[in-house]
There are 2 protein chains.
Amino acid sequence: MVMTTKGYNVAVVGATGAVGEKMLETLKKKNFPINELHLLSSKRSAGKEVEFKGETYMVKEATPESFEGIQIALFSAGGSVSKQLAHEAVKRGAVVVDNTSAFRMDPDVPLVVPEVNENDIEKHNGIIANPNCSTIQMVAALKPIQDRFGLSRIIVSTYQAVSGAGAKAVDELQTQSQAYLNGEELNPEILPVGGEKHHYPIAFNALPQIDVFQDNGYTFEEVKMINETKKIMHDDSISVAATCVRLPFFSAHAESVYIEVDDANISVKDIQNAIKEADGIVLEDDPANQVYPTPLSAAGKAEVFVGRVRKDLDHDNGFHLWIVSDNLLKGAAWNSVQIAESLIKNNWL
Amino acid sequence: MVMTTKGYNVAVVGATGAVGEKMLETLKKKNFPINELHLLSSKRSAGKEVEFKGETYMVKEATPESFEGIQIALFSAGGSVSKQLAHEAVKRGAVVVDNTSAFRMDPDVPLVVPEVNENDIEKHNGIIANPNCSTIQMVAALKPIQDRFGLSRIIVSTYQAVSGAGAKAVDELQTQSQAYLNGEELNPEILPVGGEKHHYPIAFNALPQIDVFQDNGYTFEEVKMINETKKIMHDDSISVAATCVRLPFFSAHAESVYIEVDDANISVKDIQNAIKEADGIVLEDDPANQVYPTPLSAAGKAEVFVGRVRKDLDHDNGFHLWIVSDNLLKGAAWNSVQIAESLIKNNWL
């Protein structure tokens, strides 16, 4: 691909969604080199107007022809749209960064967190997948530990924000919270999973279901964390277990993570140093001064925050960590745009 | 002790607090045999009037003399009150059921969850300790598993309600939630820990600190879960790890628990059956129909609810569970009154 004088022709598919909005914010914040910007969506959202850097864009329905002349297409309009249109985009010469689960486990598609496995991008055949939000922040924080001390086991329990379930789930938390405070009925309609048979209140509650259940009793969110982690970290032998829980806050996921490293002689300080020196990861860990990350403190920021690093009291190679990051930024839009930047910087388009 | 015709002389210390209120509710609900009821509190709350079974009681300041003639004293007015007055009550002939952390790890004091170690009550020397709320529900659910299959390891991440931090924390969540929805400032003053240097918003947030930090980086809540579990389950060799997190809901704690059993040949069904047949524990576990417990569904109920039982995908002896119970009922008042009932039923007063 030859770069035009001004930049690249970029399409954002799902421009009006919760992640799409953050995509545009991130493109702006990173001053991404854009020649033409095309905002696309499902038929339902087409016709909306969206502002970007002072100009107003009309959102158009995404069709195969929408990708003529597009060099980079950022998809976040749901798995079915990606399955339908990503290959059409590639056929027309675009490289697709896909933020859905459609192609993540496809052996032909790199699954990338740039801080962890940037070089996998080079092997792409037109599509690069952006991992699940809860996976991204965890592997980003654990990669420097894996590199230095080896990593054999992960057990994670998540504390996930409603924005990961989309704009309607955000509205539902807001509306339900007010109803609860007013002593009114809660009428759940979206969470835990839009389209599922049963809905439960999220306001002042905790729902141990994110995405649909699989036959083995794990939710698809849990399966995603398990499988994606092994693929991104290039190690099928790491044992990974996950329990995913939706909670009543708006932005940023938190994770209570237990790990086992290969080197039983390392200390909390060693883990902290590995994290401190890694790109994109911020150590916020000073118990004596009550310093640790929280969803509210991490929301709106691009980094992954780590605190509460402790050595297990019974297993010398065991450590506990608390990992927090904005699920719509590093967990989605920020990571996608990082992949696009890497494509350009490394001439991998 | 000789039972009077009507029942026992009972003192409730801390009668105006969040747990005290539930103590009275539980005594009423269980139709506990009471002759005289004495409601006691710190100086600050003395003089308040409280209703019980249609009669109005004046709350009096607890002093050593308050316990003259008392047979059963239920303490939940904070550790310092218990340290000051529990032995005074015992000196005067009362048996104390203490719901604070004051005596829990004292080798001379039984620490009891009746479903787990009721017989320990017999060894009391006047004081029986009620465990920490997050410990009670976990050991209650794990005991039937330990009995049948052996138990070698527990890793728990908690999702804890604000009512565990007292009535002021409940008010704070309520006030802050409304302020957040109104776009106003949050002004945290209580949580994570009243009296600590720093306070953080709990509304629409998650705070990975419950109680104060110890030198090893664990919070006291985490240390309590670890030590109390070993004492109640009579097995110092079980390895226990805990990460405790305060969340924006009012009642009932949830726990994501990973366990390792001795018998690697058992199935999810075996675990479910053990739970189903245990007293006081309710299995709510049917993923195909989205059946699992949540804080809102468990609040106000006396049982411990278990769902999301899954086999670990890498370790044949590993299982994951989701355990939910009302922290003020089974986690505090209900368990205390159960201990008092056991004292009577078994003639252990």
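Backbone N, Cα and C define each Cβ position, glycine as well.
Bear in mind that TrEMBL entries carry predicted annotations, made automatically and left uncurated.
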Which of these, B:Asn327, B:Asn335, B:Asn346, does TrEMBL say binds NADP(+) at the same site as B:Thr16, B:Gly17, B:Ala18, B:Val19, B:Arg44, B:Ser45, B:Ser163, B:Gly164?
B:Asn327
Using the structure shown, find which entry in B:Thr16, B:Gln160, B:Ser163, B:Asn327 (the binding-site residues) has the sparsest Cβ neighbourhood within 10 Å.
B:Thr16
Starting from the Cβ of B:Arg104 (phosphate binding site), draw a 10 Å sphere and report how many other Cβ atoms land inside it.
22
How far is it from B:Asn327 (NADP(+) binding site) to B:Cys133 (active site, acyl-thioester intermediate), counting Cα to Cα, in Å?
5
Of the recorded positions listed here (B:Ala18, B:Arg44, B:Cys133), which is spatially closest to B:Gln160 (substrate binding site) when Cα positions are compared?
B:Cys133
Across all the protein chains here, work out how many other Cβ atoms are within 10 Å of the Cβ of B:Cys133 (active site, acyl-thioester intermediate).
29
Same chain only, sequence gap of 6 or more: which residues have a CB within under 8 Å of the CB of B:Arg246 (substrate binding site)?
B:Gln160, B:Val162, B:Gly164, B:Ala165, B:Leu191, B:Pro192, B:Ile202, B:Ala206, B:Leu207, B:Gln209, B:Ile210
Let me know how many other Cβ atoms fall within 10 Å of the Cβ of B:His253 (active site, proton acceptor).
30
Which residue counts does DSSP yield for the domain 'Semialdehyde dehydrogenase NAD-binding' (B:9-124) in the helix, strand and coil classes, in that order?
42 helix, 32 strand, 42 coil
Including all protein chains displayed, how many Cβ atoms other than that of B:Ala18 (NADP(+) binding site) lie within 10 Å of its Cβ?
22
